[in-house]
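Worksheet: the structure to be examined is printed underneath.
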Amino acid sequence: MNSLLMITACLALVGTVWAKEGYLVNSYTGCKYECFKLGDNDYCLRECKQQYGKGAGGYCYAFGCWCTHLYEQAVVWPLKNKTCNGK
């Protein structure tokens, strides 16, 4: 019983440590969501949570919204076959 509990705890920890991160992307244009206030940013946090769920976090990194704590299948920038108007 203790072994099963330890295995379950380890699997939960691995899922937390290896959570996906990436730039928030507009699926129609392929462009990143831009931001100008670097670091903690209410806009990025709100947009990341809206697109990826309440567990997601977000902040402004290199003038783009960077989302954290995403599920593994989350779609992030860059998108295949989407060039963001050549940018």
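Note: Cβ is positioned from N, Cα and C throughout, glycine not excepted.
Of the listed residues CYS10, CYS48, CYS60, CYS60 is the one Swiss-Prot pairs with CYS35, by disulfide bond.
In Swiss-Prot, the cysteine linked to CYS67 by a disulfide bond, out of CYS48, CYS65, CYS84, is CYS48. Compared over the disulfide-bonded residues CYS35, CYS48, CYS60, the count of CB atoms lying within 10 A of a residue's CB peaks at CYS48. Of all the recorded positions in the list CYS31, CYS44, CYS67, ASN85, the shortest Cα-Cα distance to CYS60 (disulfide bond) is found for CYS44. Using a 10 Å Cβ-Cβ cutoff, CYS31 (disulfide bond) registers 20 neighbours.
For the recorded positions CYS31, CYS84, ASN85, a Cα-Cα cutoff of 10 angstroms around CYS65 (disulfide bond) retains nothing.
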